[in-house]
Amino acid sequence: MATLKTTIFIIFILYISCTMFVNIFRVQADASCLTTKECVVRCSDEDAQCIHGECHCPHLKVDIEPTKAIRCKTDLDCPDPHQCPKYDYYACLNNGECTCISV
């Protein structure tokens, strides 16, 4: 009798655990939307849009352009920071290459 109760209890716990697991991950993976306003709230971005029932968050896309390795000895050997992202500048690091770093 005790083994039957233990078996039923274990099956019940496994069922509840699996149900909770599925519900948690379904909510996190759900990117569906009906209005753009839902996406603005979900993405925390005014430029977010609901396109074909899915949220598109533009700030999550990052465009990184490859740069050529520029050899240097000091920061003065590096080019102007216009090739770096906004508020970054070139610095000569220990490996002797110019690298964009944030201020």
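Cβ coordinates are placed from backbone N, Cα and C, and glycine is handled just like the others.
Annotation source Swiss-Prot lists signal peptide at 1-29, citing sequence analysis.
Residues annotated as disulfide bond in Swiss-Prot, with similarity to another entry given as evidence: CYS33-CYS50 (among others). For CYS33 (disulfide bond), the Cβ neighbour count at a 10 Å cut-off comes to 21, with all displayed protein chains included. Annotation note: CYS33 (disulfide bond) sits in a coil segment as assigned by DSSP.
In the structure as shown, the Cβ atom of CYS39 (disulfide bond) sits within 10 Å of 21 other Cβ atoms. Residues or ranges marked as disulfide bond by Swiss-Prot on the basis of similarity to another entry: CYS39-CYS55 (among others).
For CYS43 (disulfide bond), the count of additional Cβ atoms within 10 Å of its Cβ stands at 18 [all protein chains shown]. Feature annotation from Swiss-Prot assigns disulfide bond to CYS43-CYS57 (among others).
Taking the Cβ of CYS92 (disulfide bond) as reference, residues of its chain lying under 8 Å away and at least six apart in sequence are, in sequence order, CYS72, LYS73, THR74, ASP75, ASP77, CYS78, CYS98. Per Swiss-Prot, disulfide bond is recorded for CYS72-CYS92 (among others), and the stated evidence type is similarity to another entry.
The feature disulfide bond is assigned by Swiss-Prot to CYS78-CYS98 (among others). Around the Cβ of CYS98 (disulfide bond), a 10 Å sphere holds 23 further Cβ atoms from the protein chains shown.
Residues annotated as disulfide bond in Swiss-Prot, with similarity to another entry given as evidence: CYS84-CYS100 (among others). Residue density at CYS100 (disulfide bond): 14 other Cβ atoms are found within 10 A of its Cβ, drawing on all protein chains shown. Secondary structure from DSSP puts CYS100 (disulfide bond) in a beta strand.
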Worksheet item: Here the disulfide-bonded residues are CYS55, CYS57, CYS72, CYS84; which one has the lowest number of other Cβ atoms no more than 10 Å from its Cβ?
Response: CYS57
Practice prompt. Measuring CB to CB from CYS50 (disulfide bond), give everything in the same chain under 8 Å that is also at least six residues away in sequence.
Written response: CYS33, LEU34, THR35, THR36, GLU38, CYS39, HIS56
Item to complete: Compare the C-alpha of CYS84 (disulfide bond) with the C-alpha of each of the disulfide-bonded residues CYS43, CYS55, CYS57, and give the closest one.
Response: CYS57
